[in-house]
């Protein structure tokens, strides 16, 4: 078992520790590490991941750990080590990797303690850890928290409850261990920052000596140790490193391999030593005016008046008298010491900076103290009288302000003038630090530099002197001016607002500052460690390090020159080593066979392989944020050989590919061992490329697979309109059946009953067909298009009236033909001949015989009209039909008549005094399946209130009437609609009979008829709703099939495959290949079409134009119909018929394959236990959950499994299907219309909404205790505070830094600010918050995590129901139900504006401008660079009017959305009218 395995085993037993230390040094350490390209993106801060800033760009930058960091991480997993790397090389990132690994492998009761020597460093490292490790609670404890007052174990237990990582100073842990508030067995890892301090009696060394070593000697558990330092040697004596190793039970380790990359990334500064002559200040004669006044005030102090002396004299005890004697001899009182310290500081400032500086300092101190209350808490005397006495002494200094606002050269020191020359002489854009020894010097020097004109023109100066351990510490008089905010200055330096920082040694160690190109040591470094730390701050290319040395210093220029010469010697040695490596590379013969394509002449050689492999990695990761695309190389030393008498390591290389690839394709090895590291990498790259080619990820041109490789040339690129077969017409076949073989035909009859809207029977007819009737039972028709209520035609069951063996069926058949012709002639004979139309669908009047003479066969008379009890038909000249209403004796006045019969020119006008008949005209078109939803206003004379109360009048002498009820004629007029209603059924039946779809055995012919009916047909139902369902079913089936059939394909390739399978072009081809095109119903009902229904088009006119989308939609609708009837299994059978060239698998089979390949026996890290509780689902294979929350940047060597992309690919389709199925299932109060289903689905599956939920959905809040300071002299109290739970996104495992951390911090800040408003809108609002979600600017990574978890649950459970429960819990379905219940407006504001604008053109104009006095904007585009203070403005024109202009937007999309909402608001306030809508300007725009 390896050391890692041993450690993991111990964690399983709850120990979580180790027993190895320095003695493991001689064990085999044959582990590799990975390296990225030397062109990788770099960080701009100390202890980040790398050194150099990446040029700004539009996309997110990606940063991963460099090879040497990963080498150190792996070494720390093997044994205790002290990581020794230069300042800024990324030691903290090594610690983050190590902490994360420790948390995952140890139980929750174990903690990691990160120790740092200073408060500022604790705060900085805590922020780094907190931002990168969110799965565990972490806290920071410093002296500022008054930890020394936590005097019982209950307080400590309460504070540390539920905490996994503690960041604190060394002293805090030492004291906690000393008092048994914390025990060693609760610590799994100790990280010791600035570990070089752990010598002598430093608390870090005492922790090891008193608590660690005894336990180790006894064989008890001890924590792992990880030290971090840039300078393990404090002095020139190398034995101090051995002492440090012994103290920390560790070995000092620095990167030993990858020399080529290390050299390429090390940027040492050019060092310059500058000497100066120090001012000789030996007597008061040389004092400045204010120094003399200070000296005089001090000399005038009478020790006998000192309050402390008077206090001792008043006690008159032996002890007080002895103390009084000592005080009088040494002048050692509080006031005397404060005045002496002020004099010393003044003298020091005079020597360092000159006359102007010291006079300004003394004057400002006096002014500051004089303005304080005599009993200010800043004055730290023992007695109140002492404070007042000191206050009076300071006020007695006759300090005068400086005479000049800007110091003249003669008023400054030679040393300051040297500094000014250095600053003035620097060329380029400076980013620098001036290191000084004393705090007072730092403050005054920064003020001086800030007022000197030519200096402040180039340098924005700040000051940092360090943060005190105790906030309540009393300040000395000489420190009262040092009240600047160190952290604020540091933040400004990091942000670029300050480019020159004057700092004390506090900035030498650890503090995260930008890389500099100018470092000036105003005072000589105290030791070698200090020199190395300061030098490490100058890490930009061509940076400068200036050492200012006093001529008479004990350390001579010669000594520093020797140091500089030694450094140059080191550079030269490094260059010689590079030359040697190049020579070795040339001698290392490259005899690796190239990669040849099997079908083309393409070839990749070993020299080409690295470039090709890098290109492949960029292609497969191009859609992934925060991911370094470079392949990473693990270099291992196999043995050692001697070349030219020099020992040379024999190397092997393993190349690691992105985590988005499956584990079996994540690494490849060099084919043999190599002397040259570069050649070994080339070999490994070629072997990896060969592996990818064999796996099918490289095409035959030896390039990464692209979209064009998936294109079916016969499918893709089809035009929008296609020429397809004419819609199949069933009626010619039916007529043929009537005309042939009647003796062998079975004649089918169904009785039709017409009832009005009240259910009253209006008439009956028997319909006959030589084929079975379609399964239609009820047909609802509107008499005219604007009828409010429909009439109902009900169909009795199909019965047989004749058939084989009948004696004389021809009589009834002929009778039906005759009666049908008469019936149709009654309805339409006055307009056209109906002889042909009567041959298809035939009718018989039950129990009656229709005769031609019944049509207008009787002349009209008043008596005849009154004899009929119901409506009947009146005809003029025996042809045009009307419904009889009444009789009038004379022609009514024309103003009372809506219409009347007019004689033709050759006809005689009937007399006005003759009788006239009042009738109602029959409509030209009737029998509509849908009524008009928009009421049409009738002409004035047809309105009910119109005085024209007579509809139409005809002279009585021209009228005849039918001897059949008017309802029979109306039934005849409905025959075309009845025929049209039957036609789709026949088409659907023929579809199933003639195509392979018949094998699916559809039971519901109504469903099939619906899904082949286009909306253009204008029928009551069409395919759109079912197509919406079928689309989701197809995409789910395609996603699952692609993932199962291509287990080694990354998500990008899977998306290309799926898109090819479900593309409209592919579905069009499937439809035409199946012969589906001629069965798609697109013809809209019309009387003209009914008249021509028996006319078959002749070639070449037997085709029609159809959009490719219609063909694709019907294909998906049939898939949806199959799902409705038989679930996913029948749907997949349907899909396999449509697209037969793919191996379609059932969901169960696919899930079984995917589950099988998921890694077994992977324990769930303890940090992820709360995640399972949040999800409400316990995984059978924990590896699936781990994969679902692993970002592609998680490039830790040895990490099992892949990243989340493939699961996210599956989860996206599962989520889409679950949402669509829920929408389709809604029936109350009515099914949701197709368009609204699209809107609702978009609302709940878009990335912004899902990302918001990934930040909202969180574990339960936890409670922990904090110590609350109640005030001086009062005991502190323990208060319980609630720590918010961790959101789903917070569990994401990643190894990104830099931009990732910044972007996520900004996202969290925006979420904290905007979440209440978004929650309110989602829970109570009547409009979907498109604008708020857009302004939140959540990255795609957030939604990817949620979808990946859904995919993982499906693969693990195989249950869509489990996924639906998860989707319900996260809040997606909950909001969907709420939006449906409350009628939330889902339409996007831009789309809504497009609708309400009607025929007016809407134009958006977006501009960008700098914004004044506001927080920084981080997301910008276009010509304004990232980080500039900009806002987006948008003006909207509707028609020819500028309606609104808004500003303050954070992106172009936000601006347009915001503007659209404003325009809608203005329009609504204007009464929903565009008339007189003025320009509305937002305030400040």
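Keep in mind that glycine also has a Cβ here, set from the backbone N, Cα and C atoms.
If you look up Swiss-Prot, you'll see 1-61 marked as region 'Disordered'.
Under the heading domain 'Helicase ATP-binding', Swiss-Prot lists 72-250, citing sequence analysis as support. As a whole-number mean, the pLDDT of the domain 'Helicase ATP-binding' (72-250) in this prediction is 87.
Of all the Cβ atoms in the protein chains shown, 27 others lie within 10 Å of the Cβ of residue 92 (ATP binding site). Mapped onto three states, the DSSP output places residue 92 (ATP binding site) in helix. The ATP binding site annotation in Swiss-Prot covers 85, 86, 87, 88, 89, 90, 91, 92, and the record cites sequence analysis as its basis.
Here Swiss-Prot flags 193-196 as motif 'DEAH box'.
Per Swiss-Prot, domain 'Helicase C-terminal' is recorded for 415-579, and the stated evidence type is sequence analysis.
Sequence annotations record features per position, and here Swiss-Prot assigns domain 'Dicer dsRNA-binding fold' to 609-712 based on sequence analysis.
Per DSSP, the domain 'RNase III 1' (988-1127) is made up of 96 helix, 7 strand, 37 coil. Taken from Swiss-Prot, the feature domain 'RNase III 1' covers 988-1127, and the record attributes it to sequence analysis.
Annotated domain 'RNase III 2' per Swiss-Prot: 1168-1358, in sequence order, evidence recorded as sequence analysis.
All protein chains shown were included, and the count of other CB atoms within 10 Å of the CB of residue 1344 (Mg(2+) binding site) stands at 30. Under the DSSP three-state reduction, residue 1344 (Mg(2+) binding site) is assigned to helix. Here Swiss-Prot flags 1208, 1344, 1347 as Mg(2+) binding site.
The site 'Important for activity' feature in Swiss-Prot is assigned to 1340. Sequence-distant neighbours of residue 1340 (site 'Important for activity'): residues of the same chain at least 6 apart with a C-beta under 8 Å from its C-beta are 625, 1247, 1251.
The recorded stretches the domain 'Dicer dsRNA-binding fold' (609-712) and the domain 'Helicase ATP-binding' (72-250) do not share 3+ CB pairs below 8 A when only pairs 6 or more apart in sequence are counted, and are therefore not in contact.
Across the structure, residue 91 (ATP binding site) and residue 1344 (Mg(2+) binding site) place their CA atoms 31 angstrom apart.
Annotated pair residue 90 (ATP binding site) and residue 1344 (Mg(2+) binding site), C-alpha to C-alpha distance, rounded: 29 Å.
Using CA atoms as reference points, the binding-site residues 1208, 1344, 1347 were checked against residue 87 (ATP binding site), and the closest is 1344. In sequence order, 1204, 1205, 1207, 1209, 1211, 1212, 1343, 1345, 1346, 1348, 1351 are the same-chain residues whose CB sits within 8 A of the CB centroid of 1208, 1344, 1347, the residues recorded for Mg(2+) being left out. Across the binding-site residues listed here (86, 1208), the residue whose Cβ sits among the most other Cβ atoms within 10 Å is 1208.
If you take the Cα of residue 1344 (Mg(2+) binding site) and the Cα of residue 92 (ATP binding site), they are about 28 angstrom apart, rounded to a whole number. Cα of residue 92 (ATP binding site) to Cα of residue 1208 (Mg(2+) binding site): a distance of 31 Å. Using DSSP to sort the residues of the motif 'DEAH box' (193-196) gives these counts of helix, strand and coil: 2 helix, 1 strand, 1 coil. When the Cα atoms are compared, residue 1347 (Mg(2+) binding site) and residue 86 (ATP binding site) turn out to be 42 Å apart. The number of other Cβ atoms within 10 Å of the Cβ belonging to residue 1347 (Mg(2+) binding site), over all protein chains shown, comes to 25.
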